[in-house]
Structure formats: C-alpha cells, structure tokens
C-alpha cells in the first residue's frame, strides 16, 4: 500500500479557487489557482456561476497533484475551506443550479432585511443566530431565490431542490450527489441556524418561508463526510474530512484554539476573530457571535468583527487615485514622511462594518492643510487599516472581558512591515506574523488531517507553528490614545453622510 504522505486543502475564495498540497511537516509542496468571473447584473448585486466555481475548483485539484508529481493514492485526506454566506440552490436530480450563486457581498436583499427589522426580529436573530440583520448572510438570499424563481418553493417542499453554501455544493459535486452536508462554522453564517441548540431554527425558516427539506445536514468541522474519486471511476477514493468557513479555518490554522486567542486576517477587508471557548458571548458592541473550531474540530464560539475596507483601500490608492503603481509601493511612500501631518483617511466607501454598522457612512479625508502631500495620504490610508482593527478589538475586549496579549496576523497586507509595526503601536499589543502565510488552507488541512489520524493531536501541530516575526509597541500610551482619539473624531464625521429616508 502506498504511504499517505500528503493532505490537500481546497480553498474556494471569492475571486479564485485554489488547491494546496501539504506534507506532514505542514510545509506547502504545491499550489494551483484559477480565477473565475465576477458577475454584476445590477449595481450592488454580485453573483458567481456555481458550475464555474466547481470547474475551477476541480481542475485545480487535478492540476496541483500533476504539478507536484504526486499520485492520488499518496493523499491521506482532503479539507475544504470556502467563502462564507454565498448561497447556491440546485436540483437534486440533475445537480443543476436554478440560479447563479448569490455572493456574500451582494446587497440585493436589503429590502427583505428592512422588513425583518420592522417586524421587530433584531433581538431574536442576534440572540439565536449570533448575527445582525444584514444582506451579508445566506438566509435572505435563499428567500430571494425562492421568491424569484417560479415554482421553486413548491419544488423545495417536495424535496426536489437543495440549498448549500459553497462547501456543501463542492462536497455534493465531489461525491456525485451522495452527500449533502455542511459544518457548524458555515451553518452559523446563514442566519437560519440556532448556535445554541446547534440545529436549524424553525422560527427563522418560517419567517423567511424556507422549507427544511432543502437544508443540508450539519456536522462537526473535522470528521469523514464522504469519499471522492480522483481519476474518475475506479480511481483512488480519498476521504473528505475537514470543512470550515474561511475565517474560522484561518483561526484554526493560526492555532487560536484556546479561549482569548485572536487573529486578524488582512485581505480585501479585515476579519478579526477571538475564540471565546465553550461560551457564546452575546455582543453588546456590534460584533457577531459565531461558531469556531475547538481543538478537535468540536464546537467552540468566537466573536467576529468585519472591516469592509482594508486591502481594498490600498487598491483605491493605486487604481482610482493613481498615487501608487503597485500595492507594495505603499510601504515605501508611507515611510518617506514622519507622520500623516494630521491627516486621517476614513475608507468608508461602502459604509462601515463592525462595530459601527453604518451603511450610510462614506469615505472621507480629514485634517488637510497646505503642507499635506501624497505620501501623507498614502500613510494615513495604511494607518486607517490599523485604526479600524483597534475599533474591533476594543469591542471584543469590552464584550468578552478578555485582555488580548498578542494578535496573530495573516493575509496579503501582513507583508507590509510599516503597517504591522503601526498596528502593534496603536493596539499596545504584540503582533505575531507566522512563517506560513497560507493559514486558511492550513486550517482546512489540519481539520482534515486530524480526522483521519494523519496528525495525532494539536500538540503535534503546535511544534510546526513558527512565528516569523514579532512586532512590539514602540510608542507611549499618551501618544497612542491621542492618535486614536483623532481617528474616532474623523469616523464620527464620516457617518450618516448618505441621505436616506427615515
């Protein structure tokens, strides 16, 4: 029998599908990536073609093995991590979607959300699902599809249609329609799942008129869900044994499995999650209560804060403002000046996320004087990412009563040393950057590997988690608080900018 030397993580993201092969030392052997089309039918609407998600993801799996010259019988297991909340409804019989995938960023269900608020459901939804009422989550997207595709609700009642987030869709395709499952982390992002009883919430299903028959079975994040054949019939059968939504996978990949440990992912937006152990902490400060993975993939809880504009604000400097040619240049120009010369950039281009949740805020630059140049604005834009992270951390510490001692970081922007140092300065906390940057894929690989005994336990993984660089605060508390007070003043003035009917 061939030795099982590798784990494959499938990382299905918002703009691309990736496959990553890792060995027993958690080193990356090979990566394959394919982008796919973003569909914008109307302003504020975002869709993907589910068949293209499947085509790109399945081809990266074949490609990554070929690239590394690994045969499929050397693979111990496959783990899946995915863009969360994105919603797919398909026919059970044919496996064909009845509508495009409605993506997490899509705002088309804003009106449905307003109705839920008017019906006084905010408190119920926050208490039972851990979420705020927002188009971001899957529930209203499923309702929208059932409302707009003729006859679909009746078909769903008859058991002819299935709903799934992206993880569920991929497993359904990989097992030729034999397995219809999701995991607790993905279920906790639907606004249909009761995070205390760990079951679909009957009241939410009734309110949104979603038939229970179409929902997947919900399982732990680390167990064998089914097998997939690589190389068609008669090919190698490989267990699929790990699932987690991308941010929860990153939390696990950073080994934040103890209460009070937190990570921040700096991507297009920022996502900070703090593990709160076995207790679900209800946020009084605009954060989400969500499900995370415990040491063996069991249910833990986490607080989550999402910042909409992080890396995206650097892209704005490059693409719209033409102040830089490449995102990497931002660090160079930011360090050409001593400070921002009193300037604050509030990148509320699509409103503000946690802890403000103000869809009517808009981007602004404050504190302009005659001496301000492009470098000051570039520096202030980078600093805004760190300030927004502090906003979320303050809310987390207030909710949980836990004082953070170190923040683990990952994502594209962590390569920026200026930003990481400023982050440490403004938080007054150590910032730890890991050696392996692919922590989302790492989390999915860990969950899959633990389920099949490829790794025995977390202690074995702890040895592999190397911190590449630690940033420590380099400014005084008075200076830190003075700068942060300026940020708070700027945010206040950017809020409620856009007119809206009360």
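Glycine residues also receive a Cβ, built from the backbone N, Cα and C atoms like all the rest.
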According to Swiss-Prot, 14, 18, 268, 412, 416 bind ADP; which one of 226, 311, 367 is annotated to that same site?
311
Looking at the glycerol binding annotation from Swiss-Prot, with 84, 85, 246, 247 already listed, which candidate in 40, 136, 301 is the matching residue?
136
Reduce the DSSP letter at residue 84 (sn-glycerol 3-phosphate binding site) to three states and note it down.
coil
Sort the binding-site residues 84, 136, 268, 311, 416 by C-alpha distance from residue 247 (glycerol binding site) and give me just the closest.
84
How many Å lie between the Cα of residue 412 (ATP binding site) and the Cα of residue 246 (sn-glycerol 3-phosphate binding site)?
14
Between all pairs in 14, 18, 268, 311, 412, 416 (listed as ADP binders), what's the biggest Cα distance, rounded to the nearest Å?
23
Find the shortest Cα-Cα separation between residue 85 (sn-glycerol 3-phosphate binding site) and the binding-site residues 14, 16, 18, 311, 416, and name the residue that gives it.
14
Which residues of the same chain, at least 6 positions away in sequence, have a Cβ lying under 8 Å from the Cβ of residue 311 (ATP binding site)?
266, 267, 268, 269, 327, 411, 412, 413
